Amino acid sequence: MAQANFGVVGMAVMGKNLALNVESRGYTVAIYNRTTSKTEEVYKEHQDKNLVFTKTLEEFVGSLEKPRRIMLMVQAGAATDATIKSLLPLLDIGDILIDGGNTHFPDTMRRNAELADSGINFIGTGVSGGEKGALLGPSMMPGGQKEAYDLVAPIFEQIAAKAPQDGKPCVAYMGANGAGHYVKMVHNGIEYGDMQLIAESYDLLKRILGLSNAEIQAIFEEWNEGELDSYLIEITKEVLKRKDDEGEGYIVDKILDKAGNKGTGKWTSESALDLGVPLPLITESVFARYISTYKDERVKASKVLSGPALDFSGDKKEVIEKIRKALYFSKIMSYAQGFAQLRKASEEFDWDLPYGTIAQIWRAGCIIRAEFLQNITDAFDKDSELENLLLDDYFVDITKRYQEAVRDVVSLAVQAGTPIPTFTSAISYYDSYRSENLPANLIQAQRDYFGAHTYERTDKAGIFHYDWYTED
């Protein structure tokens, strides 16, 4: 007998917490896990909640009111396909499957098309905020059939994080098929960029200025009170003050400098390459993680490859402020690249992505939540056809005032032999984007020389080829 309003498949921490989040809003939630003992564990732990414990998929599906609203919180990839395959014979036309996993958007597009043939609605939903966000309120990026989203929107709007600025829920319809998971993918790419920029700032403060963890922590705390106010700056200041619970000193100094990844940053860069969109800062942040994993080689190289030694004797306070400005400037470059990629993808896949709304739903609940996202929303509210954020008046003003600081910081780091790939990439992207003329004319001449790839001229229309092998 149907008794549940919503169902969640997958009782790992994200699935469990999302189920509890939905239940806390007054809904009865059916729960299922392939391993029954896991479902039973969650049920017994929360017997005071309106959870329906089910042992089989048949029992799970049968417990749900129609149209059934089922959220899949299982491992992305083959596990998701297997779960859908098992569910499909049990569902009725009009039922709604929601994939809340970290799914690659082409998989979501494929599943949406396949399930549409069976009359089953499919909503690929990017969920950001980690396990805490899942429980208390994540940022959610759903994409799929609009009429299906309308049936789950009341629940999503209740469980999503609420922006502190205006209390609006951090969820909105992104567009058809894979739009939601694409937006989440770019969110993750921007997250890579933000984290690497913060890491480089930390390295500059520590390596060049010789500041202690306590001093750097205080700097990040101050930065978080201004235009850099964000979740990642907030947790950075927390990380820097934590002591090692297994010995002396700070825990950050005991953590091996090898950064892991789950591949979502790579997906963002791969898609940018496929679309022909310049995404240098985010891509450099992916490569920075990769080179960090070459620890043994880096140790060997450090003993044989020479570099400059800089004994800094300047005004530390002045440099700290320049690093702050460089960080904000570079953050803007990262978001400008990310939103330019969203625009290109929206055109390519016919999604009509709501750019200003995307920035709005990232204001709370998600990893990249930041105060300056409102400036992005304002920019698209003023001009929905804005080609690049750098052309908006607010960002024009910031880049005009802060670019000198970035150039100084990059110069200082190069002189000190301190790697700052994303800071360097930021100013290079800015200079490339603002250049009326680039040396690509020479590249096109070379291509025409060795491969007869032709070229266009600046003085007249048409496609041309030069006879390079004829002597002057």
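Residue numbering: from 1, along the chain as shown.
Glycine is treated like the rest: Cβ placed from N, Cα and C.
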Recorded NADP(+) site member, picked from N102, N112, N121, that accompanies G10, M11, A12, V13, M14, G15, N33, R34, T35, V74, Q75, A76 in Swiss-Prot:
N102
Swiss-Prot has N102, S128, G129, G130, H187, N188, Y192, R289, R447, H453 binding substrate. Which one of K85, K162, K168, K262 is in the same site?
K262
Cα-Cα distance linking H187 (substrate binding site) and Q75 (NADP(+) binding site), given in Å to the nearest integer:
19
List, in sequence order, those binding-site residues among G10, A12, M14, N33, T35 whose Cα sits within 10 Å of the Cα of E191 (active site, proton donor).
none
Whole-number Å distance between the CA of T35 (NADP(+) binding site) and the CA of G129 (substrate binding site)?
26
Please list residues from the chain of M14 (NADP(+) binding site) whose Cβ is under 8 angstroms from its Cβ, counting only those at least six apart in sequence.
M73, G100, V127, E131, A134
Of the residues named as NADP(+) binders, G10, M11, A12, V13, M14, G15, N33, R34, T35, V74, Q75, A76, N102, how far apart in Å are the Cα atoms of the most distant pair?
21
Mind giving me a neighbour count for G10 (NADP(+) binding site)? Other Cβ atoms within 10 Å of its Cβ, every protein chain shown.
26
Sequence order is fine: just name those binding-site residues in G10, N33, H453 with a Cα within 10 angstroms of K184 (active site, proton acceptor).
none
Once the DSSP letters are reduced so that anything not helix or strand counts as coil, what is G10 (NADP(+) binding site)?
coil
